[in-house]
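Going by Swiss-Prot, these are the annotated features:
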BINDING   40, 41, 42, 43, 44, 45, 46, 47  ATP binding site
DOMAIN    3-244  domain 'ABC transporter'
């Protein structure tokens, strides 16, 4: 398994009166090319979990394997691990600091010992991937729109050419148009480059649409794990822990209560439409 997490627990301020358990007995694995969504309410442990995956935080207990390497082993170079695991923090545009878009994207690869030409190649490739025009290369990143800044920040990670891309709430604070553009671009990058992609979000609609697997976090533990259909089949369980389900799933549940035979794992409007039309045709023939 490219990513394997075994019995991981994490305690903030361990050994002090302020100790707080953030993760408890976490177990899961992620295969090559999987797109995984991690969802949960604020304080559920989502961000703490992803910071374990590239060594920013070290588990209080348990092991984490990236491509077969135990990254909790003190002998392992975390610098090498971070070349493989790219992490885009929430509001990544706040981490932009260089004079130009080009320099900001180039910062990471410039520290990999690459030649100037190789760095340039990676920067322009990353800009193309995220949809940032070359004309913006010499522009200050602080003059860009919120969505463009977000793309520049993601490009800075992609220029490192990671095998695993982790994004923490990548659409937070964006308007609906910017949000949709970023999500579409992330899915496009995943489909094209076949890297493992992990997307942290609290938005069920987003996750249902693009993830292959969903991990539901609750109070530092994994509440549910499975495909979108398997997870959203447990709508009542999700609502009990304060999470909403996709609107179409809620609609399907209400229609079932009224006798319309729609499966509990409907995820798209198209699916719901097919079941409703089938039902209506059937009632007309009675």
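The backbone N, Cα and C atoms fix where each Cβ goes, glycine too.
Structural mapping of features recorded in Swiss-Prot.
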residue : record           : CB count, 10 Å
40      : ATP binding site : 25
41      : ATP binding site : 13
42      : ATP binding site : 8
43      : ATP binding site : 14
44      : ATP binding site : 25
45      : ATP binding site : 22
46      : ATP binding site : 21
47      : ATP binding site : 19
PLDDT averaged over every residue in the domain 'ABC transporter' (3-244): 93
Per DSSP, three-state class assigned to residue 47 (ATP binding site): helix
